[in-house]
Amino acid sequence: VLSPADKTNVKAAWEKIGGHGAAYGAEALERMFLSFPTTKTYFPHFDLSHGSAQIQGHGKKVADALANAAAHVDDLPSALSALSDLHAHKLRVDPVNFKLLSHCLLVTLAAHHPAEFTPAVHASLDKFLASVSTVLTSKYR
């Protein structure tokens with residue numbers, strides 16, 4: 001459960017990310033594909049080379065979804081309902097992949113904002129991403 005301090009940290013972090021969200025999303029995807037090659041199986045139609053338009057486009061989708069979640073942190077199930085349906089019923093993404101992408105996103109944010117990535121902010125973002133992952137996998141049952 002996200003505390004009021006966590007929610008404040010998440011919203012502040014997302015404001016700091018600002019216009020870099022798409023680039024950070026793409027970078028996190030690239031990190032995931034390099035670090036966890038089995039995740040590539042969900043993207044057989046993508047050009048997975050560094051900086052490809054498809055990775056950039058999907059990175060923007062990831063960033064936009066997370067920005068929406070941060071803006072609606074008090075009602076994640078409603079904010080992410082359509083994405084949960086998509087990933088559970090159409091794409092059938094293994095739920096472990098959300099954790100892998102979350103880890104890669106945390107690494108990306110820490111690399112770009114080391115001064116702001118305090119232990120408290122790290123913990124808040126980790127809890128937020130875990131909450132997002134939980135909602136995205138809620139319709140798998």
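The backbone N, Cα and C atoms fix where each Cβ goes, and this holds for glycine too.
According to Swiss-Prot, the protein carries these features:
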{"type": "DOMAIN", "residues": "1-141", "note": "domain 'Globin'"}
{"type": "MOD_RES", "residues": "K7", "note": "N6-succinyllysine"}
{"type": "MOD_RES", "residues": "T8", "note": "phosphothreonine"}
{"type": "MOD_RES", "residues": "K11", "note": "N6-succinyllysine"}
{"type": "MOD_RES", "residues": "K16", "note": "N6-succinyllysine"}
{"type": "MOD_RES", "residues": "Y24", "note": "phosphotyrosine"}
{"type": "MOD_RES", "residues": "S35", "note": "phosphoserine"}
{"type": "MOD_RES", "residues": "K40", "note": "N6-succinyllysine"}
{"type": "BINDING", "residues": "H58", "note": "O2 binding site"}
{"type": "BINDING", "residues": "H87", "note": "heme b binding site"}
{"type": "MOD_RES", "residues": "T108", "note": "phosphothreonine"}
{"type": "MOD_RES", "residues": "S131", "note": "phosphoserine"}
{"type": "MOD_RES", "residues": "T134", "note": "phosphothreonine"}
{"type": "MOD_RES", "residues": "T137", "note": "phosphothreonine"}
{"type": "MOD_RES", "residues": "S138", "note": "phosphoserine"}
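Locations of recorded Swiss-Prot features on the structure.
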{"residue": "K11", "record": "N6-succinyllysine", "Cβ within 10 Å": "15"}
{"residue": "K16", "record": "N6-succinyllysine", "Cβ within 10 Å": "14"}
{"residue": "Y24", "record": "phosphotyrosine", "Cβ within 10 Å": "20"}
{"residue": "S35", "record": "phosphoserine", "Cβ within 10 Å": "12"}
{"residue": "K40", "record": "N6-succinyllysine", "Cβ within 10 Å": "13"}
{"residue": "H58", "record": "O2 binding site", "Cβ within 10 Å": "17"}
{"residue": "T108", "record": "phosphothreonine", "Cβ within 10 Å": "23"}
{"residue": "S131", "record": "phosphoserine", "Cβ within 10 Å": "19"}
{"residue": "T134", "record": "phosphothreonine", "Cβ within 10 Å": "15"}
{"residue": "T137", "record": "phosphothreonine", "Cβ within 10 Å": "19"}
- Out of K7, T8, T134, S138, which of these modified residues is nearest S35 (phosphoserine) by C-alpha distance? T134
- Item | Local backbone state of T134 (phosphothreonine), from DSSP in three classes | helix
- About how far apart, in whole Å, are the alpha carbons (Cα) of the residue listed as 'heme b binding site' and T134 (phosphothreonine)? 12
- Query: How long is the line from the C-alpha of K7 (N6-succinyllysine) to the C-alpha of S131 (phosphoserine), rounded to the nearest angstrom?
  - Reply: 12
- Query: Helix, strand, coil residue numbers for the domain 'Globin' (1-141) per DSSP?
  - Reply: 113 helix, 0 strand, 28 coil
